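Quick look at what TrEMBL annotates:
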- A:1-136: domain 'Toprim' (DOMAIN)
- A:51: site 'Interaction with DNA' (SITE)
- A:154-564: domain 'Topo IA-type catalytic' (DOMAIN)
- A:164: site 'Interaction with DNA' (SITE)
- A:168: site 'Interaction with DNA' (SITE)
- A:192-197: region 'Interaction with DNA' (REGION)
- A:311: active site, O-(5'-phospho-DNA)-tyrosine intermediate (ACT_SITE)
- A:313: site 'Interaction with DNA' (SITE)
- A:498: site 'Interaction with DNA' (SITE)
DNA sequence: GCAAGGTC
């Protein structure tokens with residue numbers, strides 16, 4: 001039997017249907033679908049789910065308190081299955097197979113995934129024959145060609161990928177453990193460190209520091225209002241920003257009643273169509289129409305698994321020659337986009353744009369089949385439409401703008417106005433997103449004199465650089481080669497779930513500051529994008545056979561050992577600064593009673609509340625929700641000058657609680673209203689929470705009326721009846737009018 | 001309970 005192993009389920013199914021002359025037979029093996037065909041010599045195709053095994057430390061290293069972080073540096077590593085069913089299916093099939101073809105994705109990680117699967121097969125069938133099939137798109141032509149010309153597995157390339165796994169695990173896990181222990185943040189709330197997440201966090205923290213250090217400079221802008229034939233328009237002084245008030249005042253002062261059109265230039269500007277979608281550009285475009293990266297990718301995934309779009313994780317911006325692009329447009333001749341498809345098909349030549357990056361694993365994102373609007377949810381349709389329109393736009397002509405530059409003379413001061421008008425929509429007809437609006441003004445002539453209707457001088461200030469939005473951050477990560485198309489949005493989600501950042505655009509917490517600072521001082525390697533670029537270079541050398549994985553790993557472990565020397569020597573300082581950062585994140589503002597800091601505290605029973613640092617002299621307190629991470633934002637309440645709070649659940653998005661004081665007062669007000677709306681219970685059994693058994697218990701303690709319940713000592717009742725004190729107090733509150 | 005990389 002010939003076994004073919006693909007990287008994913010869908011790839012397996014499609015490869016089988018291309019290679020098989022008849023419809024392949026679907027068979028379940030250990031709960032996993034496989035596809036069988038052929039009469040005498042059977043072939044079975046099975047799909048993995050990416051990596052099906054994971055690199056890990058032996059269980060003996062699991063206890064964070066007992067095993068010191070630095071011991072992880074030289075710890076042995078083990079491989080554990082993460083997809084037991086697939087592993088078991090591979091073993092079953094591997095035993096019977098005489099030959100195995102690795103047909104995983106054509107990239108470094110794909111090679112490693114293939115070798116991982118091969119090792120499982122070899123574990124049950126030591127001498128099995130093996131080979132590699134290489135393809136860049138799952139089309140009949142490409143797949144047939146790949147299986148007719150199989151090659152050898154590139155073990156060097158797989159080793160390169162493996163070295164990445166080891167380095168990421170060893171550095172990430174050991175440093176994560178170190179700073180979590182140093183800050184005493186254990187359990188669910190640990191602090192994490194990693195080759196990709198830490199440089200990304202450093203970018204966000206650096207930007208926030210720039211914003212804090214920013215000193216605004218005042219400047220002035222001068223505008224004049226003109227009109228012609230009843231149409232009003234504004235012109236602006238040639239000097240867009242005046243940095244000196246005196247100069248602005250002088251110019252403003254000389255503006256007279258008339259403006260002379262001193263020159264008029266018209267020209268045309270060409271606007272090139274966009275390049276094919278890779279993941280980053282898709283995410284950015286989705287982001288600009290209101291989708292978060294994580295959301296966009298989740299929806300893209302479902303569009304992909306339902307066959308509407310091609311594989312959504314790709315760096316490629318050049319359509320491979322193996323895809324018949326005309327055919328791909330022809331499928332749209334009917335349906336919602338027919339008007340657009342027909343116009344494209346009428347062209348003699350279909351020449352798509354090309355991006356800078358061309359890779360071998362997957363094509364750029366394009367629509368794979370025609371969807372009806374009724375088949376998709378609203379969000380799905382929006383993103384599907386985005387992909388379709390982008391695909392069409394890459395074949396379309398340039399857009400053309402007519403631009404007009406007009407200069408005006410007002411008492412020898414030059415003013416300007418720029419107009420532009422779309423005259424040929426070209427690709428923008430297919431892809432109408434984020435189109436700049438036409439800027440128009442009435443037709444003018446050189447030498448014409450217009451009356452000045454009004455003038456204005458605006459007081460302005462330069463603004464600090466903006467915080468990064470998620471789309472922008474993903475673009476920056478790509479430019480710096482941090483993370484991959486499939487992981488960047490996950491890394492950003494990780495920063496949110498660690499409470500390192502909140503809001504969009506992203507704002508770092510004080511904890512993030514402390515973590516980045518601690519790492520930058522004592523373990524700078526992990527905070528820099530260079531670690532990734534050096535790793536990439538090393539991996540390339542391993543792949544080319546110019547060095548060995550062993551040498552690279554040894555070097556990496558030496559470096560990490562040195563890092564740990566630094567960290568251990570400065571443990572106290574790091575610990576203090578982390579704990580200070582964590583403390584700052586808990587400050588809600590000043591106590592209205594005594595002026596000390598109000599902070600998030602925990603009672604002995606484990607419940608959370610806002611308490612005063614002046615305790616026990618001051619007992620001011622406010623309640624907090626029972627669960628979720630408390631995030632302190634930079635917004636303050638006008639009434640109480642306390643910071644607004646957000647609450648973030650394990651997997652849910654953070655919700656705004658607002659000012660905790662206002663929130664508490666509102667809650668109290670609600671309670672009052674609710675009470676006023678419901679009549680006072682007449683019998684104790686009318687009180688919610690008191691059933692027959694409880695009523696009898698209370699009776700035996702001498703309480704049979706509502707008045708008796710209200711006026712008895714709660715502690716006494718609790719003692720004699722064994723009913724929890726808290727319950728009794730709540731009942732008493734419920735009947736107190 | 002740790003990373004980052006696949007995929008769902």
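One is the number of the first residue shown, and numbering goes on along the chain from there.
Including glycine, each Cβ sits where the backbone N, Cα and C put it.
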Would you kindly list the residues that approach the region 'Interaction with DNA' (A:192-197) from elsewhere in its chain, counting only those six or more residues past its ends and only Cβ-Cβ distances under 8 Å?
-> 167-168, 171-172, 175-176, 178-180, 477, 482-483, 487, 491, 494-495, 498, 515, 519, 523, 526, 531-532, 535
Going by Cα-Cα distance, pick out whichever of the recorded sites A:51, A:164, A:168, A:313 is nearest to residue A:498 (site 'Interaction with DNA').
-> A:168
What is the number of residues in the domain 'Toprim' (A:1-136) that are helix, strand and coil, as DSSP sees it?
-> 48 helix, 40 strand, 48 coil
Check: min Cα-Cα distance from residue A:313 (site 'Interaction with DNA') over recorded sites A:51, A:164, A:168 goes to A:51
Provide, as an integer number of angstrom, the distance between the C-alpha atoms of residue A:164 (site 'Interaction with DNA') and residue A:51 (site 'Interaction with DNA').
-> 14
Reading the DSSP string in three states, the entry for residue A:313 (site 'Interaction with DNA') is coil
Return one of helix, strand or coil for residue A:168 (site 'Interaction with DNA'), based on DSSP.
-> helix
How far is it from residue A:311 (active site, O-(5'-phospho-DNA)-tyrosine intermediate) to residue A:51 (site 'Interaction with DNA'), counting Cα to Cα, in Å?
-> 17
Summed over the region 'Interaction with DNA' (A:192-197), the DSSP helix, strand and coil counts are 1 helix, 0 strand, 5 coil
Counting every protein chain present, what is the number of Cβ atoms, excluding its own, within 10 Å of the Cβ of residue A:498 (site 'Interaction with DNA')?
-> 20
DSSP state at residue A:498 (site 'Interaction with DNA'), helix/strand/coil | coil
Could you pull the average pLDDT for the domain 'Topo IA-type catalytic' (A:154-564)?
-> 95
Within 10 Å of the Cβ of residue A:313 (site 'Interaction with DNA'), how many other Cβ atoms can you find? Include all protein chains, please.
-> 19
